[in-house]
């Protein structure tokens, strides 16, 4: 397994729409394993392949405190959603920034697991929010897109400044 580079906003590659996985094979399983390793190293609870510049419909999630309840969703599709909720969301692609995002309280999704088997999952609370957040990434949508233009611009400026400082430090 290896750590993958997480793209940071406003990198335009985060806006690419992911393509469906055609065949769940060893290469896809390696991507899944690397995504989990990266997500845990970054102390995240979810990661979409788009965030690591892999534009396929793959999501990994683990919202457990014990970090041992891995959820793999390949080619996820939202079947149902209900209720309303929302929290101040963060994102590995937008470090140290948060913003309130309205979400459905409950979702029902269909996806393929790590072995290519189809499953359905009903989720609520943090898991439902995380699934919606990660599925947004697969269509090039970020949590900042739900914020006011002013707040989005402030976050963009902070992220651009961070990128400049990081680039200088690497020279």
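A Cβ is built for glycine as well, from the same backbone N, Cα and C atoms used for every other residue.
Taken from Swiss-Prot as is:
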ACT_SITE  134  active site
BINDING   91, 133, 137  Fe cation binding site
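What Swiss-Prot annotates, mapped onto the structure for a quick look.
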residue	record	Cβ contacts under 8 Å, 6 or more apart
91	Fe cation binding site	9, 97, 133, 142, 143
134	active site	46, 47, 48, 59, 61, 73
137	Fe cation binding site	14, 18, 48, 50, 51, 59, 93
Using DSSP with the three-state reduction, classify residue 137 (Fe cation binding site) as helix, strand or coil.
helix
Can you give me the residues near the recorded Fe cation site, meaning same chain, not 91, 133, 137 themselves, Cβ no more than 8 Å from the center of the site's Cβ atoms?
46, 48, 51, 89, 92, 93, 134, 136, 142, 143
Counting across all protein chains present, how many other Cβ atoms fall within 10 Å of the Cβ of residue 133 (Fe cation binding site)?
23
